[in-house]
Structure formats: structure tokens, C-alpha cells
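**Q** Dropping the structure in here first, questions after.
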Number of protein chains: 2
Amino acid sequence: MGEFDLIETYFRWDNESDFASEEGSFSDNSNVEDNGVKIGIGDDAAVLQLEHNHQLVTSIDTLISGVHFPEQTSPEAIGHKALAVNLSDLAAMGAKAKWFTLALTLPGTDHVWLKGFSSGLKKIANQHSVSLVGGDTTRGPLAISIQVMGTIENNQSLLRSGAQADDKIFVTGTPGDAAVGLASIQGVLDSDNLILSSEDKTICEARLNYPTARLKESEIIKEYATSCIDVSDGLLQDLGHILKKSKVSAVLDPKQLPLSESLQKMPQDTAIHYALNGGDDYELLFTVPVDKCETFMQAVSEKITTRVTMIGEITSNSVDEKQESSVILDPQGFNLRGNGYNHFNDDVNDGS
Amino acid sequence: MGEFDLIETYFRWDNESDFASEEGSFSDNSNVEDNGVKIGIGDDAAVLQLEHNHQLVTSIDTLISGVHFPEQTSPEAIGHKALAVNLSDLAAMGAKAKWFTLALTLPGTDHVWLKGFSSGLKKIANQHSVSLVGGDTTRGPLAISIQVMGTIENNQSLLRSGAQADDKIFVTGTPGDAAVGLASIQGVLDSDNLILSSEDKTICEARLNYPTARLKESEIIKEYATSCIDVSDGLLQDLGHILKKSKVSAVLDPKQLPLSESLQKMPQDTAIHYALNGGDDYELLFTVPVDKCETFMQAVSEKITTRVTMIGEITSNSVDEKQESSVILDPQGFNLRGNGYNHFNDDVNDGS
């Protein structure tokens, strides 16, 4: 099977009403036209129409086997996660997701794997009405790069840099579950004598393998928030990015951290460690001005069922250029250092 | 060195006037603003402003070591080529290149390699005034995915599907050189008793390693052409894509193929074989209506120095749905079968 056939077989979802098609059949496919796809898969490049007075919002993320997902991860989960982590970046910007491209590197042509991967990818794409508009398949060690594209009204992006003193800090969902799922798969939980029930393991592993892109939540959050980021590296580390960009500091109350039922069964300090430092949750972490918090939480309770929790506040606007932005964990004496994830941190021979 | 430092050190070209910066410093950087980069590297996603009445044109391509370039290729060449092959896709659409994102997978943090790669990438990015607006670095076997983004006036894209009977077929440059360069590096030329001079080898290897993205040529071509593709898989195979999409056939005259001085020193049938079937040239292959050919060639001679050659013509509009579009090589009896490149064709165990 040649490269062209591979794309035709697994990544042309023409019969689905909301997917890209080649130019010749657009007239039959009004939903594709509605999504702004003028030319999809099948030419040298895709041609996409943005709405008037909108900007393009775009991000690229690569998933590598053994780095971003355990090697035994199912192809369905890999397909889901590869798009979910990218959609999460658009959610963090407050953008509407519209299109994506896929660069897939495969060691060979494994039809069972491809069918599963395509199925997982298609399901989440349909769920969020995003169209696959271009792709590239190459031979090599398994890697998936997805570039996601969305749109937003001019100058309405939710940035990392807008947090202000006295803003409250919120997070969606229950961070830490994905990291517990990973520890479970790696057998680290057992070696720590933290025996979770097989049900809890399954729940946490599902949070690792099938993260939710918080696009629906983002639609509400962007109306109130001053800054936002998605939690990919770990809550503490990602909060650090907001603080650095916004030139502020923060206080977090670990007791306020929303812990899932699975994490509540663990010793508290261990659960909080996972919630603060675990990566791969793809929850949204954001700040809301204190005077908007009440109406914000009212909107949340009316429009979504996702848990949204206040976990701390921004303490200062006046960080000296040379002074690092800091997170103080309250109550004091709660001695946790957050490092988050960092794929290159394990390289000790790089002279840095 | 962490992932963030890696991006900061090698892929933040803030001091260059035409590169993306973080939001905080945009006011000092009018050229970035001119290029439509509202938010570049440093947030969850880039935010980009298209001109009024323009569409987004976008393509993604991955380069894998040992598949898309020989393993000994210099990092400068890899940086150049990774962007050039993507820019070439925009040239084939008639689009103006504006932005790109980079997903870089590295086995480790090799500073010499990163410096060279960044330098080669930056040079070609500057040359075409395209801005790096986002990126992702991960650990794994060397792979480079670039997504390039450009713009075009609404509904002005140059497609593969527009070729008409009697249109003349043109190609830029001298196809085949890159394939000879690859054969030289692989030692295949010598084993064929085709001893090229070291100067010719150097020239052909440079065409392989430093392909030219024909964006300048595209600006002229798009005013006249009915269809266009870039030659990545081989002239015959890529012409086949135009014919299939346009539902036409074609006659090529191999004697009209523009051969470089290096290829002219080879036996004619060998040179023509490389010119027809060699991949990686990134020349533009396109069709122009017969009544526009004279003014087109006049514009070419006035505006660019690149060689542009008529090599054949479209012969028929009436290809039966079940009949394959075909290329007849004239003079007849010139028995060449073109397969081009196909990264998955060597997989014999896939059941297809």
C-alpha cells in the first residue's frame, strides 16, 4: 500500500458530513463549506476560510511513543490523545477549534493499528467538529505531530500574561489523575505500597489515555478570565508560566485542590503531590478578577457540569525584573517542590 | 537544559526584525506586526492575523533522518530543507508564505547540531520573510515536522485540478539533479560506471540538500497557470497527480526536458531517467493555456532568471472515469516507466 492509498484508506473521512473533502466534491458537502474548508486533503496544501474579523490561532504538538504515552497504549487512545492535547492548547487561548493537520511517522503499515488510530482520532474530531485538512505519512519510529488551527474574534485571545494582583486562581477537573494513571501503568504505585483498587486504576489510566479537551469550558472561561494555560507539565509548573508572563506571584492552598475520588483514597500528601506536579491532565488553569468570581461561578453552574475549583490567588503585581515569580503554598510548612514534566530535564550531559 | 531553554536559545530570533516575538515586546517590533503575528512563541498557541479577503493556505511535512535525507546530512542543510519542502507546497498553490511552526524530535541535546540546524532554518526563513510562530521539542529519534502557513486572495489558489486539453506543460529549473546528488552520496553512480566529476557531484548534492522553494517563480506562474504541483516524488509521478485530478492525459517530449550541465554529461537515457523519475527537486510543474504561453514566457524572461521550460502538452479532457490518466512519452518507443518516490512502497508485508 502506497502513501497515497494509506491516506485515502484511513484519513479520508469524506462520507462524514463534517470532514474535509477534495475540491471536486465540495458542492455536495455543505457542512465542510460551513467549516471554512475550501480545499482539504488532496492538493499541495489546504485552503481555509476564516470568518470576518477573526484571527488564526494555531499550535503544534508531537507525541512520541514511550515519551508521551506508554508503548502499550492502544492505537485508539493514541489517536484520541494526539488531537486532545492540541485542542487543549486552543481551549487555553479561548479559541474555537476548526481544523487540524496530521504528520504521522510509522515503522510500517500495520492495518490493525491504523484502523484503531484512525478511529480514535475521528471520534474526538467529530465530537469537537474539527476537520482533518492535510496530512503526511512517513516511515520511521512511531511519532504523531498534529497542528491544530482555530479562530477567535480579533484580539480576544486569552493569554498567559494577563493575571493581576488579587485575581483568584481556578482549575477545571481533578488534576493529578493522569499522573496516578501513569504511575499505575509503570507499577510505581504498587512499589510505593499504594495499592489502588483496579477500578481506581482504570479510572486514572483513562484520564491519562483519554484526556478531555476543555473547549466547552473555555467558552465560558474566556468571558471572565484574565489569563489561562492548560496543565500539561503539572499544575505548579504551568502556574509558574502564568506568573512569569504576568510578572506576579501567587499563593495556593493545597487543601483546596480538587482531588478525584481515586486520589482521596491515597495518603493526603501523596495525593497533593500528584495534583500539584503530575502532568498530562490537560485541565485549564486560569485567573479571574475577584469581583467577577461570583458571576463566573454562577455561569459555570448553569452551563456545564465540569468541576471548577478556586485553589488560590495572585498576590502581587510588583515582581522585580530579577526576582523570580513564586508560588507560596499555604499553609506554610507544606514543603513541596514542583518540577512538573520536562522531557529534556533528564539529559545530564548537555553542559547546561 | 530544559525544553523551554532549548526553544529560547535556538528558536527565539527576537532580535531579527522579521521574527515572532512574545506579546510583551510587539510594540517594539513593527515588522512582526506587519507580518500579522499577534502572538508568537511563548503562549499556548500563536495568534495570526490574515489580510482582509484572504484565505489561509497550509501544509505539513515531516523529514526523517535516513528517509528524507541521508544520515550524514549537515544540520544546516536539514534546517534549510525542512522549511524549503514546506515552502514549496505553498509555491505550488500560488500562496504567499508567512508563518511556520516547528515540531522537533531529537535524540538528545546536541548543541553543535542545534546551532547548525537553527542557523540553516533561520537563513531560509529570513530569505522568504516567514516567521517561526510556535514549536515543540520532544525526545526521540531525529524527526522534523514543519507546518507552513501562507495566505492567498480568496479563491485564487492554484490547484492540481485545473489542467485543460491543449494546455502546455512547463517545469522550472532542471529536474533530476537532486536524485543524481542522492545517488552520488549513496555511491550508486560509481557502481553504474557513471563517474561524475567532483564538481558535478557537489552541484547535484547541493540541489538535494539545499532545494530552492520557488516562491518568486510562483508569483508569476499563478497569473497564467491552470494547474500546478511541486516535484517532490518525481516529475512523472507528480504529473500523474495533475492528470488524475484534472481528468486529462498528456504527452511529454523527453528531448525537451531541461537537463543541467551535470546531467548533460551523463548518457542521455540515464539523464532522462533521473529527470523524469528523480524526487526531491521541488521544482514547479504546471500547465498554461496555449494562448497565454507567449505572454507568460515574456513575463518570465523579464522578471526572473530561473529556467522555465515547456516539456509537453495536455492531450485530452475526456478521460473515462474508469480509464487511468496517462502520460505518453514522445517519441514513442522511449520506454520509461515512472514510479517516483513512495516511502511506503518498499513495504511488502502489508497485505496490499
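Cβ from N, Cα, C; glycine included.
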**Q** TrEMBL records B:Asp44, B:Asp230 as Mg(2+) 3-binding residues. Which of B:Asp89, B:Asp177, B:Asp269, B:Asp280 is assigned to the same site?
**A** B:Asp89
**Q** Greatest CA-CA distance (Å) over the residues B:Gly135, B:Asp136, B:Arg160, B:Ser232 that the record ties to ATP?
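**A** Overall maximum Cα spacing for these binding residues reaches 32 Å.
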**Q** If you run the three-state DSSP split on B:Asp233 (Mg(2+) 5 binding site), which class comes out?
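**A** SS state of B:Asp233 (Mg(2+) 5 binding site) = coil.
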**Q** Find the shortest Cα-Cα separation between B:Arg160 (ATP binding site) and the binding-site residues B:Ser59, B:Asp61, B:Asp136, and name the residue that gives it.
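**A** Closest recorded candidate to B:Arg160 (ATP binding site) by Cα: B:Ser59.
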**Q** Provide the list of binding-site residues among B:Asp61, B:Ser232, B:Asp233 whose C-beta sits under 8 Å from chain A at the C-beta level, in sequence order; use 'none' for an empty result.
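**A** Correct list, in sequence order: B:Asp61.
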**Q** Which of these binding-site residues is closest to B:Asp136 (Mg(2+) 1 binding site) if you go by CA atoms: B:Asp44, B:Asp89, B:Ser232, B:Asp233?
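**A** With Cα distances computed to B:Asp136 (Mg(2+) 1 binding site), the winner among B:Asp44, B:Asp89, B:Ser232, B:Asp233 is B:Asp44.
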**Q** Look at the binding-site residues B:Ser59, B:Ser232 and tell me which residue has the greatest number of other C-beta atoms within 10 angstroms of its C-beta.
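**A** By the 10 Å Cβ neighbour count, B:Ser59 comes out on top.
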**Q** What are the DSSP helix/strand/coil residue counts across the domain 'PurM-like N-terminal' (B:42-151)?
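**A** Helix, strand, coil within the domain 'PurM-like N-terminal' (B:42-151): 36 helix, 46 strand, 28 coil.
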**Q** Look up B:Arg160 (ATP binding site) in the DSSP assignment and reduce it to helix, strand or coil.
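**A** In three-state terms, B:Arg160 (ATP binding site) counts as helix.
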